[in-house]
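Everything below concerns the one structure shown next.
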Amino acid sequence: MKYKKLFVFAGLVLLTALFLFLSEKNHQYSLSGTPSSQEWDLSQETPELTVFSSCLDVGSYTCTVSLSAADTFEWKLLDMDHNNGNNELGVEIASGTVSPGSDCLDFPFSLTEKTDHLDLIVSSQNQSVTVSQWSVTCTDSPHTDSILFLLLAAAFFAFLIYNWETPGFGYRLAAIVVGILLTAPFFTGSLLRGGDMRFHVNRIVGIADGLANGQFPVRMDYTLNNGYGFVNSILYPDLFLYLPAALYLLGLSAMNAYKLFVLLINVAAACVGYYSFRRILRDDRLGLICTILYLLVPYRLVNLYTRAAVSEALANVFFPLLFLAVYELFFGDMKKWYLSVIAATCILHSHILSVEICLFFVLCIVLVRIVPIIRNGESLRILYALRALAVFLLVNLWFIVPFFTEFGENYFILTRRVDLSEDTPSLWQLLFSDSDAYYSKTISLGFAVLAGVLIYLYYRYYKKDYDARDRKTGLYCLVFGVFSCYAVTEYFPWTLIQSTDFGNKYVAAMQFPWRMLGYASLFLCILATLGIKKLWEHKKTVVAAGILLLSVHSALTCLDTFVTKAEVYMADRDSAVPGCNYADYYRYEVGQALETITQERGDRILAPDFVSISEYEKTWGRLTFRFTSRDASAPVTLQCPYYAYGYYRVWLNGEEVSYGKDEWDLMTLTIPAGLAEGAVEIRYTSRKLFLVGDFISLLTFLGILAFFLYTSLEKKRRKKRRMRKKARRRNPAQ
């Protein structure tokens with residue numbers, strides 16, 4: 001067996017190395033096209049023609065332009081996203097002059113910052129230049145997929161050293177293989193577009209840039225909203241995104257970092273699902289079946305691919321673990337209280353809205369169980385539950401404190417009213433995946449799960465063929481599953497719940513009632529597996545296999561819809577990540593789009609005509625510049641390129657001053673009268689309260705780690721002492 005493992009490991013590593021070597025050797029990224037317009041800009045002193053405006057990442061490139069020129073003309077390559085230091089948009093990357101009669105312009109250039117608007121502009125007094133074709137080819141990219149070899153080698157090594165003789169190894173491996181195969185839509189050289197993909201890929205890049213600029217934990221993201229800043233990591237938990245962000249820093253492309261993250265979500269769903277379901281159902285085979293059903297639910301796949309709601313899909317990974325943890329805490333082994341801390345922490349750092357809905361289900365169980373627990377003299381369970389809650393809060397204080405601090409602001413999303421009853425799927429959509437539909441129309445549980453539930457109901461209420469634990473598990477899953485499905489439909493009283501300010505505040509944030517399908521998937525998959533259990537016991541394996549095949553068919557229909565109808569988001573690993581603007585969570589009036597304002601203002605200071613700005617330098621959360629005013633008789637207001645969160649400090653000529661905000665909640669700085677010139681520094685800083693939360697969470701985590709290490713060592717010592725005592729009893733002479 002040992003040599004067999006080594007042979008398998010060596011073969012996998014060599015094949016992976018060969019595949020990656022060939023892909024690296026033949027890889028080259030290029031863009032090409034024709035000018036979108038041959039119209040010259042006559043408003044300039046010398047008429048200008050924009051050959052192209054492209055989005056490019058950091059790297060070295062060569063540009064080739066096919067043209068015809070009757071006269072001498074000048075050209076310049078400008079990065080229009082960044083400030084040139086004189087408070088003007090347009091950093092000159094390259095420039096030159098072309099002689100008459102030339103038919104080609106060929107030049108190299110390098111970018112040290114990613115840009116969404118790299119413009120090649122030609123200037124000709126007589127407008128005597130005609131451009132027919134242009135191309136840009138990457139000659140040196142900072143991204144490499146060679147790091148994938150190390151990651152895969154590590155995975156193969158873990159597979160090698162794992163004990164293949166461990167009971168249930170085959171089931172675990174089968175679950176992981178299913179998870180890997182479900183990532184097949186991303187086994188290509190491009191990245192297909194999902195609904196929220198642009199936002200999540202930018203989150204990965206934003207965390208990486210924040211880490212590179214010394215921010216940890218990252219709480220202010222400057223890759224979003226044209227560099228004006230977004231408290232993305234405060235409003236959106238992103239602990240798990242640190243892994244793809246770290247890989248991005250190590251050279252993996254943003255595209256492949258995102259793909260790898262989705263792969264890990266599928267594998268984690270397989271591993272966590274199997275661990276949880278086999279304990280809930282008390283059987284390895286049933287654990288595998290339930291895991292496969294859960295992995296194949298169309299709603300989960302729609303979240304992961306069509307909607308690209310990876311945060312919600314990540315939270316779904318830990319729903320089975322939370323179900324197991326709550327069961328152990330209130331029905332089973334309460335000493336496994338730590339499972340609830342792990343599950344709740346993972347869900348918290350995946351998706352905030354999922355926390356809100358999970359809390360509802362947990363509170364329902366608490367209300368049902370609290371009286372029987374006290375009546376049966378099991379009050380110790382309450383103490384374990386309180387311990388779990390306390391540890392959960394302390395461990396996650398580093399995220400909870402900033403979140404509720406920012407949550408108290410007047411955000412538009414907290415006051416808007418969205419009629420949830422208007423966005424409910426039909427019964428047909430709830431049960432079937434429509435191969436001719438796309439996006440929300442593919443949201444479905446799949447008919448296979450319903451078939452399994454019907455079989456469970458037959459054996460449970462007609463045959464009465466389940467033991468006490470299965471009846472108890474089935475009852476909770478049935479009640480919660482039916483409620484979740486009911487809440488998805490138009491018959492649920494969403495309008496009544498939203499009629500009060502309190503109800504609307506906490507319900508409208510859910511955005512879509514069909515989010516409840518994530519919970520319905522969990523409960524109904526368990527019921528379907530209990531139904532399949534009886535089919536196996538009664539030798540009706542063909543029917544059981546048919547349910548699994550129906551589940552596979554629903555999943556394939558869902559994936560086929562995505563692959564055939566989704567557009568390409570990134571054509572190559574060296575494609576730049578397009579910029580992203582998110583205004584829906586900002587404080588602005590309905591109908592006014594903040595992102596258009598930041599685009600119009602750009603990376604510069606807006607000041608009156610009699611004020612000049614120089615030595616402008618903006619790096620991440622730090623901005624410095626000098627100003628000179630020709631009229632200092634009255635105060636002057638400067639509009640700065642930051643969103644006016646309360647996390648900045650401003651110095652004017654070395655003295656700290658306060659700042660304000662305009663009607664868009666963008667930062668303003670008032671220069672007092674009598675000050676004709678000066679230097680300004682603006683810097684992002686974290687609040688002291690946040691640092692206190694960070695410190696408490698760190699101490700709690702280290703304390704828990706020390707406690708479990710001590711407990712583990714103590715168990716080993718006790719085991720050794722027992723073995724010595726047994727040895728002395730067997731041989732008293734010693």
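Cβ from N, Cα, C; glycine included.
Pulled from TrEMBL:
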- 147-164: transmembrane segment (TRANSMEM)
- 171-192: transmembrane segment (TRANSMEM)
- 234-253: transmembrane segment (TRANSMEM)
- 260-280: transmembrane segment (TRANSMEM)
- 313-331: transmembrane segment (TRANSMEM)
- 337-370: transmembrane segment (TRANSMEM)
- 382-404: transmembrane segment (TRANSMEM)
- 438-461: transmembrane segment (TRANSMEM)
- 473-492: transmembrane segment (TRANSMEM)
- 512-530: transmembrane segment (TRANSMEM)
- 542-563: transmembrane segment (TRANSMEM)
- 695-713: transmembrane segment (TRANSMEM)
Distant-in-sequence neighbours of the transmembrane segment (695-713), which means Cβ under 8 A and at least six residues beyond its ends: 391, 394-398
Long-range Cβ neighbours of the transmembrane segment (382-404) (under 8 Å; 6 or more residues past either end): 217, 219, 231, 234-235, 237, 239, 329-330, 334-335, 337-338, 340-341, 344-345, 348-349, 352, 366, 370, 373-374, 687, 689-690, 692-694, 696-698, 700-701, 704
Feature contact check the transmembrane segment (260-280) with the transmembrane segment (171-192), CB under 8 Å, 3 or more pairs: yes
Listed stretch, out of 313-331, 337-370, 512-530, 542-563, that has the most CB pairs under 8 angstroms to the transmembrane segment (260-280): 313-331
Contact set, same chain, for the transmembrane segment (512-530): CB under 8 Å, 6 or more residues outside the stretch: 277, 280-281, 286, 289-290, 293-294, 297, 299-300, 303, 312, 315-316, 319-320, 323, 353-354, 357-358, 361, 420-421, 423-425, 430, 440, 443-445, 448-453, 455-456, 459-460, 466, 470, 473-474, 476-478, 480-481, 484-485, 487-489, 492, 494, 547
For the transmembrane segment (234-253), distant same-chain residues with Cβ under 8 A (at least six beyond the ends): 142-148, 151, 200, 203-205, 207-208, 211-212, 218-219, 260-261, 264, 311, 314, 348-352, 399, 402-403, 405-407, 573-574, 585
